[in-house]
Amino acid sequence: MSLFSFMGTLEIGFIFGLVAIGVYLTFRVLDFPDLTVDGSFTLGAAIAAALIISGVNPYLATLCAVFGGAAAGLVTAWLNLRFNILHLLASILTMTALYTINLRVMGKPNLALITEPTVLSPFESLGIPNMYLKVIFVGLVVLAVGLLIAWFLNTQYGMAMRATGANPRMAQANGIVVNQKIYAGLALSNALVAMAGALFAQTNGFADSTMGIGTIVVGLAAVIVGESLLNSRSMLIIVLGCIIGSLLYRLAIALALNADFIGFTTSDLNLITAVLVGLALILPQLRREWKARKAAKGDAA
Amino acid sequence: MIRCEQIKVTFNPGMATEKRALRGVDLTIPQGEFVTVIGSNGAGKSTLLNTIAGDIRCSSGKLSFDDRDVTGLSAAARTADVARVFQDPLAGTCGQMTIEENMALAYGRGKRGGLKLALNERLRKLFREQLARLNLGLEDRLDAQMGLLSGGQRQSVSLLMSALQPSKILLLDEHTAALDPKTAALVMEITDQIVAEKQLTVLMVTHSMRQALDHGTRTIMMHEGQVAFDLAGEERSNYGVKDLLNLFAQIRPDGEELDDDKLLLGA
């Protein structure tokens, strides 16, 4: 793998670290499987790209993308909490609606940002080569967000959110308004994912209406890789695990695609991802079954 | 003080599965009274507790704490006054979180959760002191995952958690029913300690007649969604399990057999 593609891999790995943290918040903290992210990733990219092209400051554009993502999360939460639509289905509805909304936001299926200013523009005068600058910038932003989220999950509010997902009845008996925590959690999660989309559009120079497909699986893969490597109860380690998981996942994919003797091409990416995530989910289960069988044998002997 | 006035609760009104769970309950419990609640399955004991806690809304009637009308308040809003311990040891605590995190959650009961760190050294010290009362060695395992504790340990911690914040009312829904007799006795001992210490108004649902008479200061029996009888003071102290069973037979004039073994045999 060339240095250039290695740096590109790190950069995307960091950006999807944000997605992984968002997915961790919904799937693990709130126990709310949320597929909205496939739409909100693109939404973030679309809002940022459209605003930047129309002359808005890139930082302001990114902020708007973050709020757009939060709004998408709120819609999913509303469909689920107000109308009792199954969480999975509610998120699929929002995701489907977002596909059209994203096209409307962009005005066409694809927007190029190559010549536009981005969040990186203020730092270009520092003289750091662009390929390093991108990784350093994205890495620092994602680490800062990660630290912030880890801190948040240890606050009274964040702990109440964790209790909401782990045991809603107990949470309620302790005065926690569970619905409010679910709204907040989905908004936060999708805001992070939209931020990832906005950063992705700016570092890669485009926004595309189909760029969000499979975001959820990639995010989940990163969460699972992180969890299986760092088994901890500490919020800081878990959140950092999401970022590390995302980086490792990207590196594994890049290596698989680069290994000529296997013969994979970029179009095989989704199958590789699905197989990797599938394995990560299947192996712990098989290990449990294997252990149980061993224990049963031990008892019989 | 808890005052129930003509509280009615109907599940699935107007449907074939309509169930009138509470049919006009009138009950006044003065501050500091410990009431035990007995009754057969489906009598409305748990519904009464859940209605006071706010999990179930009354179809009609009025509920007040200390002459404040709380009928319209949500369960979460009532937690400033009400603490609860559930029957299922798994229900009252978060298995995925640590002991100290669970206690921090209970410590925040009735307050607005803000963006301050939920745990600090001062709280850890308080939690350690409280856990030491249980004599279970849990004070040295603050960061152990709750899910690793036994049912009895979890129920004991639940009790401590219910007393971390000053509250006026404690609702116990068969909180020893899922425990072995020895652990149940320990949990009841801690219950009596906490109630005496904090001067709480308590409603305890129990399946055991013995427990209903041995603990608390007043016993009520629920039957078909109403308070069938109400025992207190000297009359109650002269009652034995046999007398309770006789009373039970009287309110079932159709000669219906008492089919609930737990009610009869409960230790």
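Counting begins at 1 with the first residue displayed.
Using the three backbone atoms N, Cα and C, a Cβ is placed for every residue, glycine included.
Copied from TrEMBL, the annotated features are:
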TRANSMEM  A:6-27  transmembrane segment
TRANSMEM  A:86-105  transmembrane segment
TRANSMEM  A:131-153  transmembrane segment
TRANSMEM  A:182-201  transmembrane segment
TRANSMEM  A:213-230  transmembrane segment
TRANSMEM  A:237-257  transmembrane segment
TRANSMEM  A:269-286  transmembrane segment
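With a cut-off of 8 Å between Cβ atoms, the residues of this chain six or more beyond the transmembrane segment (A:182-201) that come close are 12, 15-16, 18-19, 21-23, 25-26, 29-30, 32, 34, 36-37, 40-49, 61-62, 65-74, 76-78, 80-81, 111, 113, 119, 138, 141, 145, 149, 157, 161, 164-165, 207, 211-212, 215, 219. Within its own chain, the transmembrane segment (A:213-230) has Cβ neighbours under 8 Å at 16-17, 19-20, 22-24, 27-28, 34-35, 37-38, 41, 193, 237-238, 240-246, 248-249, 270, 273-274, 276-277, 280-281, 284, counting only residues six or more beyond its boundaries.
Counted over residue pairs separated by six or more positions, the transmembrane segment (A:6-27) shares at least 3 Cβ pairs under 8 angstroms with the transmembrane segment (A:131-153), which defines the two as touching. Away from its own ends, the transmembrane segment (A:237-257) comes close to residues 1, 5-6, 9-10, 12-14, 16-17, 19-21, 23-24, 142-143, 146-147, 149-150, 153, 218-219, 221-227, 229-230, 264-266, 268-269, 272-273, 276 of its chain (Cβ-Cβ under 8 Å, at least six residues beyond either end).
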